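Engineer: Sharing a structure here in structure tokens format.
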Amino acid sequence: MEEQQAAAAGGGGGGGGASMCANGCGFFGSEATKKLCSKCYRDQLKAAPSSPPAAPDLVANEEEEASTAAAAAADEQLALCSSGCGFFGSKETNNMCSKCYRDHLKATSPLFSSSSSPATASTTDITVPIAPATTAPTPSLKGKEEEATAAASSSAAAAAKPNRCVACRKKVGLLGFECRCGGTFCSTHRHADKHACTFDFKKSDREKIAKENPLIVAPKITKF
């Protein structure tokens, strides 16, 4: 339709340089389509015989031959072990598998066996020193004697504890009161004002208060 409209427009315009289709269909042709219109040129291409696919067949034949040759080479390389163990051998190992070839080298080559023997010998000769077990030191007889002497002295000191009042010499026994000045007194003379006490209670209290309430002083501010 577009070509017919173009032809009508050309005819109405008084003619042009475009030539008619060589098949005489009434449409215009061009040099690019061998003086045919687009429809006739497309039909001509469809009617033309296709070229035989010779090249793909040749490529397929070459690939098949190459795969056959590779398979044959692989079959030659994967020959069975000459020792008859059932595994595959190779030309590099005298047509033997790796295990049979290694056993063959061990049996025939003294260097191979001697190179492996020092390694085993060195591993077997290594000895690990074991540290002797440490035992806990037992207390000596001298220590026991010292402990017994200390216990005896403490019991003697307890037995020698005075059981009489220092002021009136009254026997107090275990009910005596010990003053901080070091003496033992009865219930009558147990207070500091009832006997000549030499202990400074005020000083002791001041030291105790100072110890329990330390003076906290903030550090001085350094001016720059």
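Each Cβ is built from the backbone N, Cα and C atoms, and glycine gets one as well.
According to Swiss-Prot, the protein carries these features:
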ZN_FING   15-49  zinc finger
BINDING   Cys21, Cys25, Cys37, Cys40  Zn(2+) 1 binding site
ZN_FING   75-109  zinc finger
BINDING   Cys81, Cys85, Cys97, Cys100  Zn(2+) 2 binding site
COMPBIAS  112-139  compositional bias 'Low complexity'
ZN_FING   159-205  zinc finger
BINDING   Cys165, Cys168, Cys186, His189  Zn(2+) 3 binding site
Engineer: Cβ-Cβ under 8 Å from Cys21 (Zn(2+) 1 binding site), same chain, 6 or more residues apart: which ones?
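Structural biologist: Within the chain, Cys21 (Zn(2+) 1 binding site) has Cβ neighbours under 8 Å at Phe27, Phe28, Gly29, Lys35, Leu36, Cys37, Cys40.
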Engineer: Taking Cys85, Cys165 as the binding-site residues to compare, which has the smallest set of other Cβ atoms within 10 Å?
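Structural biologist: Cys85, out of the binding-site residues Cys85, Cys165, has the fewest neighbouring Cβ atoms within 10 Å.
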Engineer: List every residue in the same chain as Cys25 (Zn(2+) 1 binding site), at least 6 positions away in sequence, whose Cβ is under 8 Å from its Cβ.
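Structural biologist: For Cys25 (Zn(2+) 1 binding site), the qualifying residues are Cys37, Lys39, Cys40.
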Engineer: What does DSSP give as the helix, strand and coil breakdown of the zinc finger (75-109)?
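Structural biologist: Its residues divide into 17 helix, 4 strand, 14 coil.
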Engineer: Counting across all protein chains shown, how many other Cβ atoms sit within 10 Å of the Cβ of Cys100 (Zn(2+) 2 binding site)?
Structural biologist: 19
Engineer: Which whole-number value in Å describes the distance between the Cα atoms of Cys97 (Zn(2+) 2 binding site) and Cys186 (Zn(2+) 3 binding site)?
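Structural biologist: About 112 Å separates the two Cα atoms.
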Engineer: With DSSP helix as H/G/I and strand as E/B, how many residues of the zinc finger (159-205) fall in helix, strand and coil?
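Structural biologist: Computed counts for the zinc finger (159-205) are 12 helix, 6 strand, 29 coil.
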Engineer: If you skip the near sequence neighbours and keep only those at least six away, which residues in the chain come within under 8 angstroms of Cys186 (Zn(2+) 3 binding site), Cβ to Cβ?
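Structural biologist: Long-range Cβ contacts: Cys165, Ala167, Cys168, Lys170, Val172, Gly176, Phe177.
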Engineer: Limited to the zinc finger (159-205), I'd like the whole-number average of pLDDT.
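Structural biologist: A mean pLDDT of 86 is what the predicted model shows over the zinc finger (159-205).
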Engineer: Which has the fewest other Cβ atoms within 10 Å: Cys37, Cys40, Cys81, Cys97, Cys168, the binding-site residues listed?
Structural biologist: Cys168
Engineer: Three states by DSSP: which one describes Cys40 (Zn(2+) 1 binding site)?
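Structural biologist: DSSP call for Cys40 (Zn(2+) 1 binding site): helix.
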